[in-house]
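Trainee: Pasting in a structure now, in structure tokens, and then I'll have a few things to ask.
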Amino acid sequence: MRLIFESSLRTELNAFAATGRSFHHEVRAYLQKAFTKGSPYSNLLEGNKELQAKALIPLKDITNHLPLAIGDYTDLFAGKNHPFNVGTLFRGPQNALLPNYTHLPIAYHGCASSVVVSGTPLRRPWGQILLDPSAEPKVPTFTPTRRLDIELELGMFVSTGNELGEQIDVNKAEEHIFGYVLMNDWSARDVQTWEYVPLSPFNAKNFGTTISPWVVVLADALAPFKTTGLKNETPLQRYLQENEQNNALDVNLEVDLTTSSGNTTTISRTNSRKLLWSWPQMVAHHSVSGCNLRPGDLFGSGSISGEEPGTQGSLLEQIQGGKVAIQLNGGEERRFLQDGDTITIRGWSGQDGGLVGFGDAVGMILPAVERV
């Protein structure tokens, strides 16, 4: 109980996350019993108005913060449908997936400092773009992005880390996972197109990443919702071979777009089963070089997309690179986000009576800063 008390005094959950899954289980069980009538601990709060006033805070009176202090942020490319859809736009269906894609979880290091909690507005970013990609010579223009997009993702927080030089066994990797949040990896597509060759996105993504404030802990809350993900037919290196067949999570995901006029449209519905790589595989691959993970490190899944229209995790896919527009309620349409647009991502597992909710990841786009 002392450790629970000490952890509760901190403004972030890093110390609690580092205690490991068995302790997380004990704390969750204790809290459930404290709120269950007739349990051994129900008398702590039941009928005690003074303690209730101290321990129970109305939702309208709280301000959410980032749940953990984020040391490092790694964004992965763990789906299959999103990279195939986007790759098809630029390289055609025969070359949509690059040769390495089914052999390892593709990843790049993101910007931890600009990860923000749900409800934080973000400015439209400036960057270098090519107004006419076909023109020669290629000379960029410095301007606010005109192709502002979303990426529907799950985020994962690391609990216990590993020492520098150690590798995490893929079949023990879940012991290093604290839990999951919803994530929107905002993306400036025109900036990304110009800058990402030959390395990876930079300013196109470092202006903001939104996550939900509540961490859904793996060990207990999501254990009943483990299922099979997308099948990878490629023979894998031994360090990526899992014993567990149900290595994916069954989380329903939705994206709403609300315009400045107040009209809301659900623009995507999909499920986190649509990942090619599992979270244990991502952890194992990240550490196989000997990279040391630390409590509070954040992983992003990459865009989660289904196969059917209306299940894509980005606007770029839905508009087929700009060929069509998304029709919104109220008669408006979108290809990319406009100033004043609000994106709400929500997620849940199960059904009424056994529902595990993730809360929301909400962000509104503000106009770009004025430059002289």
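Glycine residues also receive a Cβ, built from the backbone N, Cα and C atoms like all the rest.
Sharing the feature lines straight out of TrEMBL:
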DOMAIN    10-67  domain 'Fumarylacetoacetase N-terminal'
BINDING   D75, E151, E153, D185  Ca(2+) binding site
BINDING   F77, R91, Q192, Y196  substrate binding site
ACT_SITE  H82  active site, proton acceptor
DOMAIN    103-346  domain 'Fumarylacetoacetase-like C-terminal'
BINDING   D185, K205, T209  Mg(2+) binding site
Trainee: Given the recorded Ca(2+) site (D75, E151, E153, D185), which additional residues of the same chain have their Cβ within 8 Å of the Cβ centre, ordered by sequence?
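Mentor: Nearby residues not in the site list: L152, M183, N184, S187, K205, T209, G300, S301, G302, S303.
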Trainee: Considering Cα atoms only, can you say which of Y196, K205, T209 is the nearest neighbour of D185 (Ca(2+) binding site) among these binding-site residues?
Mentor: T209
Trainee: Would you please pick out, from the recorded positions H82, R91, K205, the one with the fewest other Cβ atoms within 10 Å of its Cβ?
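Mentor: The recorded positions H82, R91, K205 were compared, and R91 has the fewest Cβ atoms within 10 Å.
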Trainee: Excluding D185, K205, T209, which residues of the same chain place their Cβ within 8 Å of the centroid of the Cβ atoms of the recorded Mg(2+) site?
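Mentor: Checked against the 8 Å cutoff, the neighbours are D75, G110, C111, E151, M183, N184, W186, S187, N206, G208, G300.
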Trainee: In the structure shown, which of the binding-site residues E153, D185 has the fewest other Cβ atoms within 10 Å?
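Mentor: If we count Cβ atoms within 10 Å for the binding-site residues E153, D185, the smallest count is at D185.
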Trainee: For a quick check of packing: other C-beta atoms within 10 Å of the C-beta of Y196 (substrate binding site), how many?
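Mentor: Within a 10 Å radius of the Cβ of Y196 (substrate binding site) lie 14 other Cβ atoms.
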Trainee: Given K205 (Mg(2+) binding site) and E151 (Ca(2+) binding site), what distance in Å do their CA atoms have, once rounded to a whole number?
Mentor: 10
Trainee: Here's one to test understanding: among the binding-site residues R91, E153, Y196, T209, whose C-alpha is closest in space to the C-alpha of the residue listed as 'active site, proton acceptor'?
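Mentor: Among R91, E153, Y196, T209, E153.
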Trainee: Mind telling me which of the binding-site residues Q192, T209 has the densest Cβ neighbourhood, counting other Cβ atoms within 10 Å?
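Mentor: By the 10 Å Cβ neighbour count, T209 comes out on top.
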Trainee: Sequence gap of 6 or more, C-beta under 8 Å: which same-chain residues meet both conditions with respect to D75 (Ca(2+) binding site)?
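Mentor: In sequence order, the residues whose Cβ lies under 8 Å from that of D75 (Ca(2+) binding site) (at least 6 apart) are A107, Y108, H109, G110, E153, D185, K205, F299, G300, G302.
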